[in-house]
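Structure first, then comments.
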Amino acid sequence: MNRSSREKDDESEADEELKVEDPQHSPKSSSWKNMYPFKSFRNYYTRQESFSISRIGSGRVLSHGCIINPENWWYVAWTHFILIWAVYSSFFTPLEFAFFRGLPEKFFLLDIAGQFAFLIDIVLCFFVGYRDPHSYCLVHNPNLIAIRYLKSRFLVDLIGCLPWDAIYKACGRKELVRYMLWIRLSRALRVTEFFEKLEKDIRINYLFTRIVKLFVVELYCTHTAACIFYYLATTLPPSQEGYTWIGSLRMGDYSYTNFREIDLWTRYITALYFAVVTMATVGYGEIHAVNTREMIFVMMYVSLDMILGAYLLGNMAALIVKGSRTERFRDKMAELIKYMNKNKLGKNISKEVKGHLRLQYESNYTDAAALRDLPLAIRAKISNKLYEPYVREIPLFRGCSNEFLKKVHRAASKGYEDIIQFLVQKQVQINPRDHFGRTPLFKAIKNCHDRAASLLVRAGASLSIDDAGNCLCNAVAKKDLDFLKRLLANGINPNSKNYDLRTPLHLAASEGLYSESILLLEAGASVFATDRWGRIPIDEARIGGNRDLLKLLEDAKVTQMSEFSCCYERSQEQLTRRKCTVFPGFPWDHRDGRSLGVVLWVPETIEQLIKTAKEQLSFHGSSCLLSENGGKILDVSIILDDQKLFLASDETHMST
């Protein structure tokens, strides 16, 4: 009974862990819980539009259709199984290349079984999700997964799975075919990835893991070199095998002249011995080249040995100094786990803390502090767990909300583009103000997150600042040209004034800031703006004594004066321009008001008005314009705006 209830609780915790709270419909039952904008850190990065959750044994399987989560328990077991084959293939491939010209039957069957396992792994790679390196979101789109794998190592994996031993025999034992075996050495990358995971596992001693890794690197390099040394000795004709390093070798009374007749194990140990000794000490007495090919390879091998030796010594020194990034990650994780266990913070918070530290490590973000570098949301949950029962007892805090910053503010201030897109898609309010009156767009601009700002602008965000004048003046005073550019580019008024009625151009002129003045003038700042003492920016420039800036403002004054006069003339023309309605016939013929006329702008002369009216009304012959009272209009200056006029025959009017 208790076991079943415990399983139900675990399942409910798993369901809750993978749910993302809708920002629009989040419950507000607790102000403490509302301090964290998302349900959990891990939720946002693992949850996509629809996840199906199931249980297999003790491991949790997260799937999206036929896509496999890389943390799936069964897939992790498969990676460990394929790792064994990768170790075998990485070490056996040089041995096969050097010591075998065609595998015996037992090795051939083992090789076929291994290649079949790698073929299955190739198929699985098309269905395993991956984390986006930029947003750290779990990608489960089959097309993206397939394209990523095809572009990375699909071709190398596929070529490595081909049965090259059978192809070698079928092609008449051509030596060039055997060189394709070296492609299988790419499987050694799986071993490297495995050691990287072990280094991050705090359950395993870090020093032990690093020493084992360095030993494996040294052993693998010498193993490969030993196989190549032996291969160089076996590719010469039998008559010249005495002119090789192993054919001319004598150790005491034992001669290696007929080395092919010696058992395989002895030949390999001999080659490995000289490869290790040559790597450890440089000079005569180790492998001494007998022919030109061996000389070339020994030169290359000794050169690479110096690099490898420096790598090994550097890593050992780093272990003693304890300065590696991975070790700092492990120490930080150990400190946090001790802290959480001591205060019994719970499983969910522990998962979030571990997930955040892994994200920091994999995104190359580090900081010296253990708790200080955690996000505000996780620290809020820790505070909630530790101090909520005590704070709730204080009458002053009853019913008080701690949600000063909105979700969009926090995402915009940090430049989290994916979170901003998610919130915009959920149709959250895009222009909320925090308790300082700042909008998300302002915070994105202030923190130099241009892409986040463009996302907000496309979503309809506006840069509305209550105290725009002080904001611009502060940017000018601090000589923050980039921030000033961003503010002006997003539509803030360059003529905004501060408490002294001074514009940013006033301040730039008084401080002699030439670049800032050019930027403000290009944005439309006025040189005629006056402050509370009646001074304009040119007056400030004269006091400051900057001649270049004074000339710039004088030129801007002339330009703005000409623009103002042109605009004034155009506005005056628009204000004085009148229109009239012209009807055909006499005024007394239109007492019922049902006749059709034409609305015309009043031109400069009466002749132009009559001509235009005749064209529009298809009127022929001599004509004149009459007022509603029958008076003849002789000049356009007496025509009022919206006045009704009548186009009549001039002869008929005269006879009348």
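Note that Cβ sites are derived from N, Cα and C of the backbone, with glycine treated the same way.
Copied over from TrEMBL, here are the features:
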| type | residues | note |
| --- | --- | --- |
| COMPBIAS | 10-19 | compositional bias 'Acidic residues' |
| DOMAIN | 579-656 | domain 'KHA' |
| REGION | 1-31 | region 'Disordered' |
| REPEAT | 436-468 | repeat 'ANK' |
| REPEAT | 500-532 | repeat 'ANK' |
| TRANSMEM | 73-92 | transmembrane segment |
| TRANSMEM | 112-130 | transmembrane segment |
| TRANSMEM | 211-233 | transmembrane segment |
| TRANSMEM | 265-284 | transmembrane segment |
| TRANSMEM | 296-321 | transmembrane segment |
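Between the transmembrane segment (211-233) and the transmembrane segment (265-284), three or more CB pairs separated by 6 or more residues in sequence fall under 8 Å, so the two stretches touch.
Below 8 angstroms of C-beta separation, residues 64, 66-70, 75, 78, 81-82, 85, 88-89, 138-140, 142, 145-146, 148-149, 154, 157-158, 160-163, 187 of the same chain, each at least six residues beyond the ends of the transmembrane segment (112-130), sit close to that stretch. The repeat 'ANK' (500-532): residue composition by secondary structure is 17 helix, 0 strand, 16 coil, according to DSSP. Residues of the domain 'KHA' (579-656) grouped by DSSP class, helix first, strand second and coil last, total 25 helix, 22 strand, 31 coil. Computed over the domain 'KHA' (579-656), the whole-number mean pLDDT of the model equals 81.
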